[in-house]
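Asks: TrEMBL lists these features:
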TRANSMEM  32-50  transmembrane segment
TRANSMEM  90-112  transmembrane segment
TRANSMEM  138-163  transmembrane segment
TRANSMEM  175-197  transmembrane segment
TRANSMEM  206-229  transmembrane segment
TRANSMEM  249-272  transmembrane segment
Amino acid sequence: MSTETPETTNSNQATSPLLVVARFEGRNRLRVTGILAVLFSLFGLMYVWIGPQMIEAGFSELLDAMPPVVTELFGFESLESIEGLLASEFYTLGWIVGLGGYLAYSAAGTVAGDLRDERMDTLTAGPVARRSVFLGKYLALLVPIVVLNVVVPVVLYVASFAIEESLPLVDLAIVHAFSVPYLLFWSAIGLALGVVVRRGRTAGRVALGAVFFGWLAESIISTTDYDWLGGLSPMRYFDPPGVLVHGTYDVAGAGLLLGGAIVALAVSLYYFEGHDL
């Protein structure tokens, strides 16, 4: 007769190696996540605060004088509203390049750093499978992804309401919901680069360069006759101006990013499990 009780089963599930690693790595990210939440909130507040002044000053007329590549680079769709200003600058520089780059850099370093310093051998020496360590590190990246996508839109909405320029709450929520697959994709790419490169700073720089190159290349290619090549860039499938300015939702794009994240994670996990540490 089994003496295992429901409480014992639940305890075993709660203390599974994967969750232990995820909890440990996630706690280590709390401080940096808090700092990032403050910085991104302040960055967004700056645009909410200066938005009405820019609109009154007629900055929207500058769009006609801008070269097409600059318009594509920063996602300029409209400077006639706070939504357009946030979508064109805050979400382009802050979310697409800034947060995407941070997560790719951090994900690459969390694996490559442990491999370089031989801490990974210690982690996997006990009864902890490589799969649990790898996936636990990936799950820990949900801490900054979730926290920033909850805190920042709330701050932006409250600030816009305070200056009587309320942002569309539904569209704001959808932008941040659609950013999750994008951020998960770059997190998975970062882990993959960390496994392959195996040197913390080098892997992080390569990951950061990949984000910057993807943004720059997609923006430049979009202004040429080879616009279809821009479909190779993940930036094509996360479009804040489309949501905030035009009210269009690219559900298929979000699905592609999520699928890409799963593929990148599966391939890098296969490589991680099949090669010497």
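Note: Cβ is positioned from N, Cα and C throughout, glycine not excepted.
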Asks: Can you tell me which of 90-112, 138-163, 175-197, 206-229, 249-272 gets the most C-beta pairs within less than 8 Å of the transmembrane segment (32-50)?
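Replies: Against the transmembrane segment (32-50), the leading stretch is 138-163.
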Asks: If we skip the immediate neighbours and take only residues 6+ beyond the ends of the transmembrane segment (90-112), which ones have a Cβ under 8 Å from one of its Cβ atoms?
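Replies: Answer is 25, 36, 40, 43-44, 47, 73-75, 120, 134, 137-138, 140-141, 144-145, 148, 175, 179, 182-183, 186-191, 193-195, 197-208, 210-212, 215, 235, 238, 240-241, 244, 272.
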